[in-house]
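A.B. asks: Heads up, here are the entries from Swiss-Prot:
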type     : residues : note
TOPO_DOM : 1-11     : topological domain 'Cytoplasmic'
TRANSMEM : 12-32    : transmembrane segment
TOPO_DOM : 33-54    : topological domain 'Extracellular'
TRANSMEM : 55-69    : transmembrane segment
TOPO_DOM : 70-80    : topological domain 'Cytoplasmic'
TRANSMEM : 81-106   : transmembrane segment
TOPO_DOM : 107-181  : topological domain 'Extracellular'
CARBOHYD : ASN129   : N-linked glycosylation site
CARBOHYD : ASN148   : N-linked glycosylation site
TRANSMEM : 182-206  : transmembrane segment
TOPO_DOM : 207-219  : topological domain 'Cytoplasmic'
Amino acid sequence: MGMSSLKLLKFVLFFFNLIFWFCGCCILGLGIYLLIHSKFGVLFHNLPSLTLGNVLVIVGSVIMVVAFLGCMGSIKENKCLLMSFFVLLLIILLAEVTLAILLFVYEQKLKEYVAEGLTESIQRYNSDNSTKAAWDSIQSFLQCCGVNGTSDWTSGPPASCPKGSAVKGCYIQAKQWFHSNFLYIGITTICVCVIQVLGMSFALTLNCQIDKTSQVLGL
C-alpha cells in the first residue's frame, strides 16, 4: 500500500510540475515577445525596466526553475529538492500576498504615478520615436486619446486618436478595461494561488510518504 501510494504521488507531482514548467515556458516566451515588440516601457522614464515584458520574463523564469525542482524531486524521491520546491512556492505565495496588500494600500499613489508618467511622456511624443510608437499603439488599441482627452495634445491630437467629440482619455479607458476584466483577473489569480497550495501539499505529502516507506523498508 505504501509503495503504490508513493508511486501515485510521484507521478501526480511530476505531471503537475511538467504542466507548470510548460506554463513557465509560455509566459517566458510571451515576455520576450513583448520586450521585442512592445515600447510601453519608454512612457515611464523613472522606471523604464518595470514593463510587462520584463515582469513576464522574470515570472516565467522563476516558474521554470521551481517546476524543474519539483519534477526532479518527485522522480528522484529527493527530500532536499522537494523541500526546496516547497519553500520556493511558499516564498512566491507570500510575495504575491504582500504585493496584493501593497497595491491595495498604495493604490492612489500608483494611480497618480501612472497619470504623471503618461502626462510627461506626451511632451516627448514628437522628439522620441519610441514614445510616439507606444502612444500610437495605446490609442489605437484602447480607442482613446491623450491621458484625459484630446486637450492633452496642445498642438492637436495625432492621427492615432479616434475621430469624434466624445473620445475618452487613455487613463480612463485603461481603468475601465481593468474593471471590466476584473472578474477574469480575479479568477486567474485565485486559480494560480490554489495551484501553488496544491503543489506545496503534494510536496509535503510525498516527503512524508518517502519517510514512511523508508521506515517500512528499514532504510
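In case you wondered, yes, glycine gets a Cβ from its N, Cα and C as well.
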A.B. asks: Top stretch among 12-32, 55-69, 81-106 for CB pairs under 8 A with the transmembrane segment (182-206)?
C.D. replies: 81-106
A.B. asks: CB neighbours of ASN129 (N-linked glycosylation site) within 10 A?
C.D. replies: 12
A.B. asks: Measuring Cα to Cα, how many Å separate ASN129 (N-linked glycosylation site) from ASN148 (N-linked glycosylation site)?
C.D. replies: 22
A.B. asks: Using all protein chains in view, find how many other C-beta atoms are within 10 Å of the C-beta of ASN148 (N-linked glycosylation site).
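C.D. replies: For ASN148 (N-linked glycosylation site), the count of other Cβ atoms within 10 Å is 16.
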A.B. asks: If H, G and I count as helix, E and B as strand, and all else as coil, what does DSSP give for ASN129 (N-linked glycosylation site)?
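C.D. replies: The residue in question, ASN129 (N-linked glycosylation site), is helix (DSSP, three-state).
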A.B. asks: Can you work out which residues elsewhere in the same chain, 6+ from the ends of the topological domain 'Cytoplasmic' (70-80), have a Cβ less than 8 Å from its Cβ atoms?
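C.D. replies: Distant contacts of the topological domain 'Cytoplasmic' (70-80): 6, 9-11, 13-14, 16-18, 20-21, 199, 203, 206-207, 210-211.
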A.B. asks: For the topological domain 'Cytoplasmic' (1-11), provide the mean pLDDT of the predicted model.
C.D. replies: 72
